[in-house]
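Participant: I have a structure I would like to understand better, so I am pasting it below and will then ask my questions one at a time.
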Amino acid sequence: MFRSSEEKAGVIFATATFIFYGLTPIYFKAVQHVPALEVLGHRIAWSVVFLFLLIAWWGGLRRGLAGLWRRDVLPWLLLSGAIIGFNWGVFIWTVHADRVMEASLGYYINPLVNVLLGLVFLGERLRPVQWLAVLMAAAGTLNLVLAQGVMPWASFALALSFGFYGLVRKRVEVRAASGLLVETLLLLPAVLLLALWAWQAGELRFLQVDWRTDLLLVAAGVITTLPLIWFANAARRLPLSALGFFQYIAPTVTLCLAVFVFGELFTAAHGITFGLIWAALILLMADTIRSRRKRSAPLSD
């Protein structure tokens with residue numbers, strides 16, 4: 001089914017990444033009593049800590065960080081760090097504002113953004129059946145936007161920022177964990193300034209509420225680090241257009257959480273959108289299987 005072990009690994013990384021992402025609203029609901037900006041700060045700060053430990057355990061910091069401060073690498077990591085920091089902040093806000101359905105919509109739009117970025121910046125091309133799948137998914141997304149009657153700016157912010165993050169990281173030849181460590185390190189000064197401001201204003205929640213809250217905030221490092229490492233590994237092994245379709249896993253899981261766990265309203269419009277997107281995925285998978293079988297078939301005399 002897979003053309004190489006690298007492709008198989010990419011599929012595994014992509015699947016694990018987006019199931020995990022789909023479940024993360026559960027975590028952010030658990031820290032809803034903490035201001036969103038402080039939660040964002042903990043995501044960044046504790047990611048630095050856990051990544052330092054991880055890289056040291058893997059083979060040492062000197063080896064793990066070698067070459068990451070070059071002039072041809074650092075600007076890309078600064079850019080990708082700023083993009084993912086923005087993405088994290090928007091996502092936390094949507095969950096804290098009880099708009100998990102809007103976050104789900106953002107993940108539905110994101111694979112379409114990835115397909116377009118792959119076409120425009122990487123020269124990737126889609127087969128006709130793949131184009132049909134893209135159009136079906138786009139129609140489903142548009143249906144939900146029209147049914148809601150307002151432009152979901154948070155959804156588009158999530159989709160665009162995560163799409164560009166994947167594009168930038170695909171252009172940087174660095175190890176996933178090492179690159180993420182540099183990204184979060186570059187964001188750390190802003191986090192420290194934010195923490196100082198919150199402390200002076202009496203708004204800091206860390207070590208001020210209870211031990212459960214403190215443990216949850218520390219766990220932000222693990223919650224953040226694991227899926228991004230998996231995503232970076234997937235992005236280096238799969239075409240960006242293919243990676244885009246895996247991302248429908250995350251909004252499906254998140255949509256189920258929004259409806260069955262958080263009690264958000266699931267309308268007929270949501271049903272139409274959900275059906276169109278899954279039909280597009282089935283069409284895409286069938287085309288992918290057919291194409292691979294055709295390539296692997298022996299040539300006749």
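The backbone N, Cα and C atoms fix where each Cβ goes, glycine too.
Take a look at what TrEMBL says about it:
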DOMAIN    9-143  domain 'EamA'
DOMAIN    156-285  domain 'EamA'
TRANSMEM  9-28  transmembrane segment
TRANSMEM  40-61  transmembrane segment
TRANSMEM  73-93  transmembrane segment
TRANSMEM  105-122  transmembrane segment
TRANSMEM  129-146  transmembrane segment
TRANSMEM  152-168  transmembrane segment
TRANSMEM  180-199  transmembrane segment
TRANSMEM  211-231  transmembrane segment
TRANSMEM  243-262  transmembrane segment
TRANSMEM  268-286  transmembrane segment
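Mind running through what each feature is packed against?
Facilitator: Helix first, then strand, then coil: DSSP counts for the domain 'EamA' (9-143) stand at 110 helix, 0 strand, 25 coil.
Within its own chain, the transmembrane segment (9-28) is flanked in space by residues 2, 39, 91-92, 95-96, 100, 103, 107, 216, 219-220, 223, 226-227, 230-231, 233-234, 236-238, 243, 246-254, 256-258, 261-262, which lie at least six positions past its ends and keep a Cβ under 8 Å from the stretch.
Outside the transmembrane segment (40-61), and at least 6 residues removed from its termini, the chain residues within Cβ reach (under 8 Å) are 85, 88-89, 92, 177-178, 180-181, 184-185, 187-188, 191, 194-195, 206, 217-225.
Long-range neighbours of the transmembrane segment (73-93) within the same chain, counting only residues 6 or more positions beyond its ends whose Cβ lies under 8 Å from a Cβ of the stretch, are 24, 28, 36-37, 39-40, 43-44, 67, 103, 106, 154, 157-158, 161-162, 164-165, 168-169, 171-172, 174, 179, 182-184, 186-187, 190, 224, 228.
Long-range neighbours of the transmembrane segment (152-168) within the same chain, counting only residues 6 or more positions beyond its ends whose Cβ lies under 8 Å from a Cβ of the stretch, are 76, 79-80, 83-84, 86-87, 90-91, 93-94, 99, 102-103, 105-107, 109-110, 112-114, 117, 121-122, 145, 231, 235, 240, 243.
Residues of the same chain lying 6 or more positions beyond the ends of the transmembrane segment (211-231) and with a Cβ under 8 Å from any Cβ of it are 13-14, 16-17, 20-21, 24, 27, 30-31, 33-34, 38-39, 42-51, 54, 84, 88, 166, 176-177, 180, 205.
Non-local neighbours of the transmembrane segment (243-262) in the same chain are 10-11, 14-15, 17-19, 21-23, 25-26, 29, 98, 100-101, 103-108, 110-115, 118, 133, 137, 166, 234-235, 270, 274, 277-278, 281, 284; each lies 6+ residues outside the stretch with a CB under 8 Å from one of its CB atoms.
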Participant: Per DSSP, how many helix, strand and coil residues does the domain 'EamA' (156-285) have?
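Facilitator: The composition, in the requested order, is 105 helix, 0 strand, 25 coil.
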Participant: Based on Cβ pairs under 8 Å, which of the stretches 105-122, 129-146, 180-199 lies most in contact with the transmembrane segment (268-286)?
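Facilitator: If we count Cβ pairs closer than 8 Å to the transmembrane segment (268-286), 129-146 scores highest.
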Participant: Six or more residues beyond either end and a Cβ under 8 Å away: which residues meet both conditions relative to the transmembrane segment (180-199)?
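Facilitator: Residues packing against the transmembrane segment (180-199) from afar: 35, 37-38, 41, 44-45, 47-48, 51-52, 55, 64-65, 68-69, 74, 77-78, 80-82, 84-85, 174, 225, 228-229, 232.
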